[in-house]
Amino acid sequence: MSFRIGHGYDVHKFTSAKQNIIIGGVEIAYHLGLEAHSDGDVLIHALCDAIIGALGLGDIGKHFLDTDNQFKNIDSKFFLAEIKKMLDEKQYSISNIDCTIIAQAPKMLPHIEKMRACLANILEIQISQINIKATTTERLGFIGREEGIATHVVCLLYR
């Protein structure tokens with residue numbers, strides 16, 4: 001059996017030009033949005049990078065350029081579905097995924113189960129294979145000042 005591990009990280013800053021945020025494929029009511037070329041889903045972006053990294057295929061930006069207008073405001077679930085195809089082509093399966101959302105606001109806990117279900121559905125895995133947790137920075141740094149959100153994701157693949 002062959003194992004591969006990948007790590008992904010993403011961060012987006014808040015903007016008053018949008019309302020509501022999308023994290024893990026779930027829309028969350030908020031008075032600000034996240035600035036991005038796509039929908040700004042920091043969790044899915046980090047997850048994509050983790051899987052692509054584990055496959056040794058670069059990063060999300062290599063496959064979905066942020067200068068390409070076809071990806072302007074696109075639903076990030078599209079990226080994850082495309083990366084699932086890469087995973088299948090390379091004949092790897094997901095053992096587990098562990099995600100950390102770092103945000104002072106809004107609160108993530110009420111949305112985590114919906115996020116897990118959304119990601120499991122796209123990746124065609126069990127919800128139990130995905131863990132999502134959220135933390136704050138105790139009001140330190142740009143996240144603590146509520147200027148943005150960051151995520152870290154680790155995934156383990158096997159063949």
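For all residues, glycine too, the Cβ spot is worked out from N, Cα and C.
If you check Swiss-Prot, you get these features:
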type: BINDING; residues: 10-12, 37-38, 59-61, 64-68, 103-109, 135-138, Phe142, Arg145; note: 4-CDP-2-C-methyl-D-erythritol 2-phosphate binding site
type: BINDING; residues: Asp10, His12, His45; note: divalent metal cation binding site
type: SITE; residues: His37; note: site 'Transition state stabilizer'
type: SITE; residues: Thr136; note: site 'Transition state stabilizer'
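Comparing Asp10 (4-CDP-2-C-methyl-D-erythritol 2-phosphate binding site) with His45 (divalent metal cation binding site), their Cα atoms are 6 Å apart once rounded. Look at the binding-site residues Ser38, Pro106 and count other Cβ atoms within 10 Å of each Cβ; Pro106 has the fewest.
Neighbours of the divalent metal cation site: apart from Asp10, His12, His45, residues of the same chain with C-beta atoms within 8 angstroms of the site's C-beta centroid are Val11, Leu34, Ala36, Gly40, Asp41, Val42, Leu43, Ile44, Ala46, Ala150, Thr151. If you take the Cα of Phe142 (4-CDP-2-C-methyl-D-erythritol 2-phosphate binding site) and the Cα of His45 (divalent metal cation binding site), they are about 19 angstrom apart, rounded to a whole number. Per-site Cβ counts within 10 Å over the binding-site residues Phe64, Phe142 peak at Phe64. Ranking the recorded positions His12, His37, His45 by other CB atoms within 10 A of the CB puts His37 at the bottom. Following the DSSP three-state reduction, the secondary structure of Phe142 (4-CDP-2-C-methyl-D-erythritol 2-phosphate binding site) is helix. Mapped onto three states, the DSSP output places Asp10 (4-CDP-2-C-methyl-D-erythritol 2-phosphate binding site) in strand. Rounded to a whole number, the C-alpha distance linking His45 (divalent metal cation binding site) with Ser38 (4-CDP-2-C-methyl-D-erythritol 2-phosphate binding site) is 10 angstrom.
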